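Data block below; observations after.
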């Protein structure tokens, strides 16, 4: 109870609380564009489902991949506050341009129903340029905000002198993702409903207004924030460690007592090297103190001598790569909303016997609700219960939580394949196989509520895997890499986006070879989405075996 009270006191009176409103508005604005985006691309730009899905996957990949650039600029040049500000303004600009595509008819091709011919007009190069430019600017903004916002919030709370600091930071990570979930909940319900009920102009205009309020609130709160100054570039430091190690490749680590010749930074918290990747240890060996060390104790040539802390930072990064890579396939499973939206569009979306119909793009709300409820239950009930009986702070081991997430992800994809197979069979029995491809809407005599269990499982998978991975990265990497932690996490999302786009295009080409109907046809009743989900379930099973292998051979490293 004392820990919880101290945590609430710090959160309620910290500058972080001053940014809660604008962070929520920012996420509602950005996430409000995503659920129905595939429908907008198919209806507004006359694109096939594979093309639209590829665009969205690449957009998602860029949004997450550019987090590396955001982390680099933040830690090396501008600091987190300025990078978040630049990213927020960039996102606002991109959203405004995307909104204009719904207002100005010349920015989109004419709708298909205005032609008597079978072929719809495709977007012109100029129309594609405006679309891609707006998505690109939004991606740059997201890349700057995502790696720095969580670290910027942690800067406001992190207090090493507080004995409950670890518990407070763990709770902060949980509730940070709960805030993301709440923002997504609003975006996938209210914003999507407005898009369906009032059209794209109003539906895309509201996120722009929310983003404007978000940017204004963030900038107005500037005097209240704790702002950590930028330091040396991590990327440059990593490269210097590699160069220094190569230059000293002939040094024999066993010939002398190297511990007496290691270079230590004056304010370094790391005093000993671990016994992994010992070839990198050569980068911090002092060969000639008169030449290698300045009077103030710093290295005279950073391309020939690095400190123990800098060497260990690179080692830590290399060590976490195998565990990090296991998250890619989970993110691939979570990114199937485009197809799920098309599936639920063809089904009965009424809640039981009521007249209210859930928008097709809002079904991911069940995943978000599950994530929020589980985080609250885990943080406020499960963790205190474990602490009471184990007398140790913290909940489940982060890697164990990631493994549970992999199992849940595999189960969700298996259930998705079974449910889609049933939906398709019912559609064929009803003869709802349309004469031509396209985003046509028809009602299959099956409730869309059958898709809720898979969303619940995906919500739990995300809660276990994503938060577990972030905690693992924060615990394994030095504090100086805090912004880089989120960049590494979002890089996994970027890789999954590119990988997902590759899978979609390869499957479409292979399964449509020889005039056959593609598994991923725009007419999902003719295609075989169930086979696609079975393939993802198989990938998840392989991924679970992969992480078991990693845990078997990746043991904690002690001092060398």
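Positions of Cβ are set from backbone N, Cα and C atoms, glycine also.
Checking the ranges 49-73, 249-273 against TrEMBL, the transmembrane segment annotation falls on 49-73. Tallying C-beta pairs under 8 angstroms between the transmembrane segment (128-154) and each of 49-73, 481-504, 531-551 places 49-73 first.
Proximity of distant same-chain residues to the transmembrane segment (481-504), defined by a Cβ-Cβ separation under 8 Å and at least 6 residues beyond the stretch ends, is recorded for 50, 53-54, 57-68, 70-72, 74-75, 80, 143, 146-148, 150-151, 154, 234, 313, 316-317, 320, 324-325, 327-329, 331-332, 335, 466, 469-470, 473-474, 520, 535. It is 206-226 that, among the stretches 206-226, 358-378, 531-551, forms the most Cβ pairs under 8 Å with the transmembrane segment (85-107).
Same-chain neighbours of the transmembrane segment (531-551): 322-323, 326, 329-330, 332-333, 336, 339, 399, 402-403, 406-407, 409-410, 413-414, 416-417, 420, 503, 507, 519-520, counting only residues six or more beyond its ends whose CB sits under 8 Å from a CB of the stretch.
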